[in-house]
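K.L.:
What Swiss-Prot lists as disulfide bond is 48-63, 55-72, 62-87, 74-85. Here Swiss-Prot flags 1-20 as signal peptide, drawing on sequence analysis.
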């Protein structure tokens, strides 16, 4: 019985070691591929579209604000037949950024008080 238990522990140890080595090999291959893409310049992102500018040419090109990425919002202006798309920040994300800024400022004051 002790022999079976010892054999089982050794088998599990060997299996976990071999699977960890395989994962390391996969990670190394991914890193090499990423480095080659960066060297070629293929991974470089194109320029983003600023807030309130037209994003109809590429709806995923809106810039990031401090915490969140702006969203390309499309609508029909009153009395118009053409769809207009602009990069905008949703209100709930705007409020979350304001709350985060206030919390950051308050944390700075507390740090200043208690040094």
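Any Cβ shown, glycine's included, is placed from N, Cα and C.
Source: prediction; values computed, not measured.
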K.L.:
Any idea what the Cα distance is from residue 72 (disulfide bond) over to residue 62 (disulfide bond), rounded to a whole Å?
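P.N.:
The separation of the Cα atoms works out to 7 Å.
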K.L.:
Look at each of the disulfide-bonded residues, 48, 74, 85, and point out the one with the fewest other Cβ atoms around it within 10 Å.
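P.N.:
Lowest Cβ count within 10 Å among the disulfide-bonded residues (48, 74, 85) is 74.
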K.L.:
From the Cα of residue 63 (disulfide bond) across to the Cα of residue 74 (disulfide bond), what is the distance in angstrom?
P.N.:
16
K.L.:
Radius 10 Å, atoms counted are CB only; among the disulfide-bonded residues 55, 63, 72, which position scores highest?
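P.N.:
Max Cβ neighbours within 10 Å, all protein chains included: 55.
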K.L.:
What is the interatomic distance between the Cα atoms of residue 87 (disulfide bond) and residue 63 (disulfide bond), given in whole Å?
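P.N.:
About 8 Å separates the two Cα atoms.
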K.L.:
Taking Cα-Cα distance, which of the disulfide-bonded residues 48, 55, 85 are within 10 Å of residue 62 (disulfide bond)?
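P.N.:
Cα filter at 10 Å returns 48, 55.
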